[in-house]
């Protein structure tokens, strides 16, 4: 971080607190029920994403471009909820509101890496569906596992670079007054607004991150589905159109549960109570990782077939061993 901690070759002394205090859920009655619910969501999320990753790893028929992206989405969802939910429960259920400076920045890093990766991973899956429907005869050539792996690697590189820059900009802030973070985790906006020196770079970069990881992916996905809709309209029979569209339902469901709540909360930010906003944002963060594996298991024929095959083989082994 030396680049961010120097200016024109001269060392600068920054005022960094020993700790931050996270107060997002303080003052809300009966919140222990919410923490129990969060733990249930976390448990289902871990179980579901491990199942999806295990199925893709064990079934060689799922070693395709599409399932590389789905595996990455499940991995990101697993890491994201594991980084967020246990820490949130520890902070608010066990009253550990104070978090050290370094731990807070680490908390921010992992949560924002995973949240940003979810968004761009949905773009990668959308691109897969776009190629599959617009060029069905050339899909195996245009969308190979190697190509998808390259896309996923580029997304990781982009997200890591952007979040590390944001992290570096946070380290150049001095915190002279309040150390109270009005959120449920170490969020970028509530942290940099506490800075008592120039926060303009943080503001600009924060807005850039919102555009890059929220609006650009959403607009890209919408434009892609306009192209998909035009392609489907050219298919002669309704049965074939429905069959082709069904391959997109799982992805559309994942897009809806990720983007719609975020857009609603941010568009209503001036008219929504701060406590309601924090709870809505926390649910928006933890729900997609729980629902994504359920969606892909229920709506993807290949994953259902793989799960059925593995369960049947285990059942046969049990019967044979008796």
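Cβ from N, Cα, C; glycine included.
All annotation found in TrEMBL is predicted automatically rather than curated by experts.
The transmembrane segment feature in TrEMBL is assigned to 33-58 (among others).
Within the model, the domain 'G-protein coupled receptors family 1 profile' (48-296) carries an average pLDDT of 91. Look at TrEMBL and you will find 48-296 tagged as domain 'G-protein coupled receptors family 1 profile'.
TrEMBL lists 65-85 (among others) with the feature transmembrane segment. Under 8 Å from some Cβ of the transmembrane segment (65-85) lie the Cβ atoms of residues 38-39, 41-42, 45-46, 49-50, 52-53, 56-57, 107, 110-111, 113-115, 117-118, 121-122, 124-125, 128, 132, 143-145, 147-149, 151-152, 185, 254, 285-286, 288-290, 292-293, 296, 302, all in the same chain and six or more residues away from its ends.
The transmembrane segment annotation in TrEMBL covers 105-127 (among others). A Cβ distance under 8 Å defines the sequence-distant neighbours of the transmembrane segment (105-127), meaning residues of its chain 6+ beyond its ends; these are 66, 69-70, 72-73, 76-77, 79-80, 83-84, 87, 99, 148, 151-152, 155-156, 158-160, 162-164, 166-167, 170-171, 185-188, 191, 209, 213-214, 217, 220-221, 224-225, 251, 254-255, 258, 285, 288-289.
Here TrEMBL flags 147-170 (among others) as transmembrane segment.
The transmembrane segment annotation in TrEMBL covers 208-228 (among others). Using a Cβ-Cβ cut-off under 8 Å and counting only residues 6 or more beyond its ends in the same chain, the transmembrane segment (208-228) has close neighbours at 115-116, 119-120, 122-123, 126-127, 129-130, 133-134, 159, 162-163, 166, 188, 248, 252, 255, 259, 262-263.
Taken from TrEMBL, the feature transmembrane segment covers 248-266 (among others).
Residues or ranges marked as transmembrane segment by TrEMBL: 278-298 (among others). Long-range neighbours of the transmembrane segment (278-298) within the same chain, counting only residues 6 or more positions beyond its ends whose Cβ lies under 8 Å from a Cβ of the stretch, are 24-25, 28, 34, 38, 41-42, 44-45, 48-49, 51-52, 70, 73-74, 77-78, 80-81, 84-85, 88, 111, 115, 118, 182-184, 250, 253-254, 257-258, 261-262, 264-265, 272, 304, 307.
Packing against the transmembrane segment (248-266) from elsewhere in the chain are residues 73, 118-119, 122, 125-126, 129, 133, 214, 218, 221, 225, 228, 272, 277, 280-281, 283-284, 287-288, 291-292, 295-296, 299-300: each is 6 or more residues past its ends and has a CB under 8 Å from a CB in it.
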